[in-house]
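Feature list (source: Swiss-Prot):
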{"type": "BINDING", "residues": "CYS11, CYS47, CYS85", "note": "[4Fe-4S] cluster 1 binding site"}
{"type": "BINDING", "residues": "CYS157, CYS161, CYS164", "note": "[4Fe-4S] cluster 2 binding site"}
{"type": "DOMAIN", "residues": "2-122", "note": "domain 'MTTase N-terminal'"}
{"type": "DOMAIN", "residues": "143-375", "note": "domain 'Radical SAM core'"}
{"type": "DOMAIN", "residues": "378-440", "note": "domain 'TRAM'"}
Amino acid sequence: MKKAFVKSYGCQMNVYDAARMVDLLGREGFAETEAMEEADVVILNTCHIREKAAEKVYSELGRVRDLKGERAGAGRETTIVVAGCVAQAEGREIIHRAPAVDVVVGPQSYHRLPELLARARDGKVVDTEFPLDDKFDHLPPRRVAGPSAFLTVQEGCDKFCAFCVVPYTRGAEVSRPVAKILAEAERLAAGGARELTLIGQNVNAFHGEGPDGRPWSLGRLMRRLAEVPGIARLRYTTSHPRDMDDDLIAAHRDCPAVMPYLHLPVQSGSDRILAAMNRRHDADTYRRLIDRIRAARPDIALTSDFIVGFPGETDADHAETMRLVAEIGFSGAFSFKYSPRPGTPAAESADAVPEAVKRERLAALQALIDGQARAFNLASLGRTVEVLIEKPGRHPGQVAGKSPYLQAVQIEAEPAVIGTILPVRLTRAGSNSLFGERAEAAPAAAA
């Protein structure tokens, strides 16, 4: 049997896309392998959001090239595929830089992967089109790999933030029809999924056509998904503050299946930098939005994204970001040094912040956020929460899962409980996860 190896970089959407590529190849007789040296097809599903992520791909391609040569010496062929957002952004340039690559395919074209592999027998293939047909109509039924599953409901972004390549690599905002989302959710639930995470580049801009022929909001979609038998938990990511509407906030208040967790990137606390980023909101608008969300769901855990060292950022701008973080209090965040992405407006700025200053600001911000994350976890100790058990734990006799607040939790239990939701009393905080013991029942969340 032919084998395929897939390595995915970056966001949850890439994780989802990688799984769908495996499904596609499975229909063609391929088995997935975790050992690259065994693979007849090697796929790197790439991320272009930061320069470091893109350069990692070329470094990995050097290793794959060497592997391809070794296998050729043993009489075995290897087809190398670069997929994802680097493929979309750089196209044929990838083959110029890495001639061992056979196929370059963008995120809107990977449903044609079997066809592209067949064409690659006759030469290099590049497909970075934005086809008019819906790629989801060409994908095979999902495989369920555990009690938690990603479900794509929206793709693309129309916001055009000055630092971001997503509108160029993923295209304009497109929402899937509600009927197709529900059908996929029902298949996932029938396969054992208990939790669905709805994903999209700008997921709360969802406006898919409902059965009534009218666009549905994300809040309405989540209420309907909560009615799917077997689905106990719903999450969504990633959101933009401008699309966080009253209906979605109300879903956090009124729909028990919607978990008390929200990832809502703000990027900066400085109005001047937010304007330069083309975020189309200011810091106080974000603060007021958080107040409304917390009024609806007081126990909600909030995480965010931050960029430090954006062109023109001053010490005063950075201080505003630190002030916003201190005032709001996050359970975690992703923070990065700004890196210019080719083709974006910010990449043309001459007002670069020195690398040493970026490093210093990033260290200060991460120290503040790490302290808040530790405080959030420590405040959870002694509480009883419902944990979705997802997989075996780090050590024999342990299982691991997630709290409603997306905290990793380890408990002592037999593997038979995987896929169930258990009440767990949290007893200890480690560096990356919480530890607990089974309890009688979890109390109701704060209202």
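Glycine is treated like the rest: Cβ placed from N, Cα and C.
Cα separation, CYS164 ([4Fe-4S] cluster 2 binding site) to CYS85 ([4Fe-4S] cluster 1 binding site), rounded: 12 Å. The Cβ of CYS11 ([4Fe-4S] cluster 1 binding site) has CYS47, ILE49, THR238 as same-chain neighbours under 8 Å, each 6 or more residues away in sequence. Fewest other C-beta atoms within 10 Å: among the binding-site residues CYS85, CYS164, that description fits CYS164. The two recorded residues, CYS85 ([4Fe-4S] cluster 1 binding site) and CYS157 ([4Fe-4S] cluster 2 binding site), have Cα atoms 14 Å apart. The Cβ of CYS157 ([4Fe-4S] cluster 2 binding site) lies under 8 Å from the Cβ of CYS164, VAL166, PRO167, ARG170, ALA172, GLU173, GLN201, ASN202, ALA205, HIS240, each on the same chain and at least six residues away in sequence. If you average pLDDT over the domain 'MTTase N-terminal' (2-122) in this model, you get 92. The domain 'MTTase N-terminal' (2-122): residue composition by secondary structure is 66 helix, 25 strand, 30 coil, according to DSSP. The Cβ of CYS161 ([4Fe-4S] cluster 2 binding site) has 21 other Cβ atoms within 10 Å, all protein chains considered. Taking the centre of the Cβ atoms of CYS157, CYS161, CYS164 as the [4Fe-4S] cluster 2 site, the nearby residues of that chain (Cβ within 8 Å, site residues left out) are LYS159, PHE160, PHE163, VAL165, VAL166, PRO167, GLN201, ASN202. The local packing around CYS47 ([4Fe-4S] cluster 1 binding site), expressed as other Cβ atoms within 10 Å of its Cβ over all shown chains, amounts to 21.
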